[in-house]
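Listed in Swiss-Prot:
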BINDING   Cys44, His65, Glu66, Cys152  Zn(2+) 1 binding site
BINDING   His65  alcohol binding site
BINDING   Cys99, Cys102, Cys110  Zn(2+) 2 binding site
BINDING   176-181, 196-201, Lys204, 263-265, 287-289, 295-297  NAD(+) binding site
Amino acid sequence: MSLPQTYKRAVFKELGHPLTVEDAPLKLPGPNELLIKVEACGVCYSDMYSQYNGLGGGFPIVPGHEIIGKVAVVGSEVRDWNVGQRIGAGWHGGHDGTCKACKQGYFQMCDSTAVNGATKEGGYAEYTLIRSESAVHIPANVDAASYAPILCAGLTVFNSIRNVNIRAGETVAVQGLGGLGHLAIQYAKRMGYRVVAISRGPEKEAAARELGADEYIDSNEGDSGEQLAALGGAALAVTTASTGEAITPLLKGLGILGKLLVLSFPSNLTLEPTDLLKYGLSVHFWPSGHPSDAEDAVRFAENTNIASVVEKFPLEQAQQAFESMLSGKVRFRAVITMD
């Protein structure tokens, strides 16, 4: 694979500034790194942390952690990858292998974790470097743009749902019909659950049912928790809402020993302990996953025909893609492509 001297990248140069597309000298990988020729990179809400230095990566920084491409160069000490192989990378950008989390196999919880697109350069670029321990095997036949969101949004919902141990056949409610929510509905349905979608407005019901929801709750029509309880309640409520005010009512819709799974960074989340204690309810968070988890999520999606619904943007329109994601103009997921 021939390599250029320079490559294009979309970069945050200063705190709070918009993305700038520029040419930069191409760097070759270190001993334990891989150079990826990027095909597609999803645009995630958490990319905003890169814009505001939320994880201390500094500037300039290339965001993006839903990366799919092909191996362009293999580092001298990397043994299990070859040039031309399909490869991906998600939020998890590397780990130390020595902390308690790593010793238990929870590499994404590493005390010294690296984050693609936040503490190191990410995938809003024609090429990017990743650490070999963060690399994800991607099937050669899948569409890069459709599968890129699986590496964060899909992985997060898949890995969190399977780790809260809800029995097949139970009811799972999914609050929010965006990038995470539209994949959560599909994963939950394919896992064998009765799925109740919760969103605002009657116009979203058709899309929710097309994705696999068995029931739809319009939260504009009344308390979402009370409506969920009227449908029999849920063993699990998955929420992607950004405010605590939207999340708290869901507790009313949980059954005995029900679980609330929070997959967002909500502001002002206040929980009333009385109902939690009375009914044995619990609140859970889950930090995405590591490469093996991502490969499970991709394999499950491929085997069960789960599909990300995406809107594509060329790299030159990276700022437009980012703004469209933040404003909600993109219904499900924006993806930057290098075509």
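Cβ atoms are placed via backbone N, Cα and C, with glycine included.
Positions of Swiss-Prot features highlighted on the structure.
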{"residue": "Glu66", "record": "Zn(2+) 1 binding site", "DSSP (3 states)": "coil"}
{"residue": "Cys99", "record": "Zn(2+) 2 binding site", "DSSP (3 states)": "coil"}
{"residue": "Cys152", "record": "Zn(2+) 1 binding site", "DSSP (3 states)": "coil"}
{"residue": "Gly176", "record": "NAD(+) binding site", "DSSP (3 states)": "coil"}
{"residue": "Val196", "record": "NAD(+) binding site", "DSSP (3 states)": "strand"}
{"residue": "Lys204", "record": "NAD(+) binding site", "DSSP (3 states)": "helix"}
{"residue": "Phe265", "record": "NAD(+) binding site", "DSSP (3 states)": "coil"}
{"residue": "Gly289", "record": "NAD(+) binding site", "DSSP (3 states)": "coil"}
Inset, instruction - Measuring CB to CB from Gly289 (NAD(+) binding site), give everything in the same chain under 8 Å that is also at least six residues away in sequence. - result: Gly90, His92, Gln108, Leu155, Thr156, Phe158, Asn159, Ala297
Inset, instruction - Among Glu66, Cys152, Gly176, Ser199, these being the binding-site residues, pick the one whose CA is nearest to that of Cys99 (Zn(2+) 2 binding site). - result: Cys152
Legend entry - Cβ-Cβ distance under 8 Å to Phe265 (NAD(+) binding site), same chain, at least six residues away: Ser242
Legend entry - Under 8 Å by Cβ from Glu66 (Zn(2+) 1 binding site), same chain, sequence gap 6 or more: Cys41, Gly42, Val43, Cys44, Gly90, Gly123, Ala148, Pro149, Ile150, Leu151, Cys152, Ala153, Val335
Legend entry - Pairwise CA distance, Val196 (NAD(+) binding site) versus His65 (Zn(2+) 1 binding site), rounded so that it is a whole Å: 29
Legend entry - Check: same-chain CB within 8 A of Zn(2+) 1 site center, minus Cys44, His65, Glu66, Cys152: Cys41, Gly42, Val43, Ser46, Asp47, Gly64, Ile67, Gly90, Trp91, Asn116, Gly117, Ala148, Pro149, Leu151, Ala153
Inset, instruction - In whole Å, note down how far the CA of His65 (Zn(2+) 1 binding site) lies from the CA of Gly179 (NAD(+) binding site). - result: 14
Inset, instruction - Among the binding-site residues listed here (Gly176, Gly179), identify the one with the smallest other-Cβ count within 10 Å. - result: Gly176
Legend entry - For the binding-site residues Cys102, Val196, the one whose C-beta sees the most other C-beta atoms within 10 angstroms: Val196
Legend entry - Additional residues surrounding Zn(2+) 2, by Cβ distance to the Cys99, Cys102, Cys110 centre under 8 Å: His95, Asp96, Gly97, Thr98, Lys100, Ala101, Lys103, Tyr106, Phe107, Met109, Asp111, Ser112, Thr113
